[in-house]
Amino acid sequence: MIYKFNIRNLRMIIMKLVKDALSRSDTTRYLKDEFGEARIVVVGCGGAGNNTINRLMEIGIQGAETIAINTDKQHLEVIQADKKILIGATLTRGLGAGGYPEIGRKAAEMAKNILEEQLKGADLVFVTAGMGGGTGTGSAPVVAEVAKENGAIVVGVVTYPFKIERARMKKADEGIARMSEVCDTVIIIDNNKLLDLVPNLPINDAFKVADEIIAQAVKGITETIAVPSLINIDFADVKAVMSGGGVAMIGVGEVDSSDRGDRVQNVVRETLSCPLLDVDYRGAKGALIHITGGPDLTLKEANDIGEGITKELDPEANVIWGARIDPEMEGCIRVMAIITGVKSPNIVGKDTKPKRIIPKVSKEQSQRKERKIGGIDFIV
């Protein structure tokens, strides 16, 4: 008996053979690795930024690379990060920026070639730093600018100093103003609001709370993009909300099994009334809502939380939300809402001009040097 192929059958067989061959080839593996996955990088600048990177490494983060940058060699050596870069080695001799943002800026500019190499091809870059010091305030805008020039969506995540740190506040205003110029969105954690959130904690522990909030926010956004979740956030959606988002604030809410009543309503109310979110969010341009819950979190609950926060915002606001399951959060729900396009006159918008203070550096000293010692990948 002779079996007759028709054209349609022949095409199907050929396509199947080609598909099977490609599935075993290096080409397909390359395509799977290089396409369809956003490259996310988290860069911590200065002492506070390094501490956030260290905390991220401690709690673990999937789908992102971490880079720690500092002028303080001693601090940098004890930080955990995928890559560590000591900047301004000939400028500061690894001893820090002395609280001068202009030194931090100059140190980062001396390292631009290395920064470009490390950030090339990144789709989303978080730049985290404490505003008001030297290295973070000065270097973070340079890092953000390099990332932006390489085509990434750049999200600054910065802390604003306590009022008792008077010498740092003016520098912080200058740093945030500069970050606002070079980032798509700048998320601000006001340390003064931490006093309302955790009023009885010693100040050193309050700093750790800020590290934890930033680390959890970055981890949450990253893993909801990169890791299969209950409800994934698409990178294109993140880009739409964060691109040109301006100044952003963050609201945090959490409920557990001991909370009485409707836990969905409770966590929505707690998130929007969070002391860190001390702005009029109703006129916000957009929001990114991240929900984490235990295995008992239902799809309906996640949807109701997303809708509950969305309805409180401007009807024209671009809102995206995602949800993921954490086996260790049985009975609990945590929500982080990043509200973009808000106005916070107490922090942003002051007319400030940075004072330029840079020690003189010889031409020989300013030449770039790279080597790996003491766990540091690059010394520049």
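Note that Cβ sites are derived from N, Cα and C of the backbone, with glycine treated the same way.
According to Swiss-Prot, the GTP binding site annotation covers Gly47, Ala48, Gly49, Asn50, Asn51, Gly134, Thr135, Gly136, Glu165, Arg168, Asp211, on the basis of sequence analysis. Same-chain residues at least 6 positions away in sequence with a Cβ under 8 Å from that of Thr135 (GTP binding site) are, in sequence order, Cys45, Gly46, Gly47, Ile69, Asn70, Thr71, Asp72, Ile87, Gly96, Ala97, Ile103, Gly104, Ala107.
The most densely surrounded of the binding-site residues Glu165, Asp211 is Asp211 (count of other Cβ atoms within 10 A of its Cβ). Listed binding-site residues: Gly47, Gly49; maximum Cβ neighbour count within 10 Å falls on Gly49. Spanning the residues Gly47, Ala48, Gly49, Asn50, Asn51, Gly134, Thr135, Gly136, Glu165, Arg168, Asp211 that the record associates with binding GTP, the maximal Cα-Cα distance equals 20 Å.
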